[in-house]
């Protein structure tokens with residue numbers, strides 16, 4: 001057997017010795033516990049704090065910090081008998097105001113949190129400290145807030161779950177809808193243009209939907225009259241004709257419309273507003289369709305052509321008149 005196994009370890013049978021918990025205080029020589037029979041006769045027994053032990057206050061003196069640190073570094077033997085603590089002398093602080101038996105090496109004032117507050121040792125209970133912490137985090141309903149109130153008319157109204165445009169007071173349910181509205185109506189920029197007709201849009205999705213207008217495919221057919229459409233939204237609007245549903249009335253003349261956009265365009269006749277302005281000559285129009293037709297004068301684009309003489313026209317109404325007058329077609 002190797003020699004290392006024959007040598008007795010110094011740590012052997014340590015379980016027979018009294019153990020000291022890591023969280024228990026280290027007793028300096030001044031606080032070395034003494035048996036009960038060696039304590040003075042007038043020493044009070046702190047049965048409420050230590051049922052089986054008492055502490056001796058006779059040798060409790062304030063020592064310099066250097067000597068106290070050296071004494072705390074030493075390991076004192078565990079007490080075998082009860083610990084007796086004598087009454088403090090005159091001039092010392094009473095028991096309620098005296099420091100605890102184990103004094104931490106740090107200060108509670110230096111324990112600052114990330115919220116800019118510092119904790120202080122609560123004199124009574126821990127509940128007051130937790131309550132103070134929660135009030136510092138979430139605020140007290142009894143204390144008026146120093147922050148300004150939200151401007152519900154600016155962007156967002158929590159009570160109504162709506163987003164308001166500050167220029168036209170139009171209401172949107174999502175911030176994305178408000179952003180698109182501002183870019184289309186108030187920014188004056190429509191960066192997405194159609195390569196075929198030159199029509200501009202404020203959003204790429206609108207341009208993608210517009211490209212179906214130039215295609216000949218009509219995949220959305222009405223089941224009532226058989227009319228086909230290129231876009232599903234156009235079919236939905238067409239179905240309102242069969243149901244004779246006109247939920248949007250004009251506030252000036254009472255005329256009703258199938259769509260809200262048609263009603264809004266109609267109100268421009270009464271108000272005289274012309275929000276659609278030509279970027280080339282500055283001429284303004286009340287309808288966006290009129291601006292599109294006007295822009296073809298500057299670009300020379302003629303999307304409507306006669307199948308008999310291949311003559312092109314900028315407006316569809318001009319093509320119909322040409323067929324009636326030149327080719328006697330209706």
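Cβ atoms here come from the backbone N, Cα and C positions, even for glycine.
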Among 8, 170, 230, residue with annotation N6,N6-dimethyllysine (source: Swiss-Prot):
8
Swiss-Prot lists region 'SNAG domain' for one of the ranges 1-20, 61-80; which is that range?
1-20
Which listed span Swiss-Prot calls zinc finger, if the choices are 123-145, 192-214:
192-214
Would you mind listing the long-range same-chain contacts of the zinc finger (192-214), meaning Cβ under 8 Å and 6+ residues beyond its ends?
180, 183-184, 230-231, 233, 292, 295-296, 299, 301, 303
